[in-house]
Amino acid sequence: MDAHNDRLQQLYASMEEYYAPKFAEAKKVSYCSAHGCKGERKTRCCFFAYYCSEKCQKSHWSTHFKLCNHTEFYATTLNPLEKTDDPEIQAVNDDDASEGREITDPDDSVDAQENPDEK
């Protein structure tokens, strides 16, 4: 369990490091993220979007959803097999990778509800 907690702490630290410059830039903007609204920001949707009201947040969602960097973060930081320059994090990643079998062909994947003898 300690290895799991250590991994979570490493991921959290990576997330803070990854988002720090973007968050600092977003904090410079003091008004609502919804297009055309200059209301004072009161609520935060994520690290990049702030809104003055729920109405503005909902109206801006379709645009924000397309631009939000959550996918980029998850694809780079939370991928346990992603290579990194940090030797300590890479050691944990390598340990995680050695615990399972790499799937190189999608046909090799296993459906937990499928009987392997019937394939």
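Cβ atoms are placed via backbone N, Cα and C, with glycine included.
TrEMBL: automatically predicted annotations, no manual curation.
The compositional bias 'Acidic residues' annotation in TrEMBL covers 85-97 (among others).
According to TrEMBL, the feature compositional bias 'Acidic residues' maps to 105-119 (among others).
Helix, strand and coil counts from DSSP across the domain 'MYND-type' (32-68) read 14 helix, 5 strand, 18 coil. As annotated by TrEMBL, domain 'MYND-type' applies to 32-68.
Annotation source TrEMBL lists region 'Disordered' at 80-119.
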Task: Predicted model, mean pLDDT over the domain 'MYND-type' (32-68) - done: 80
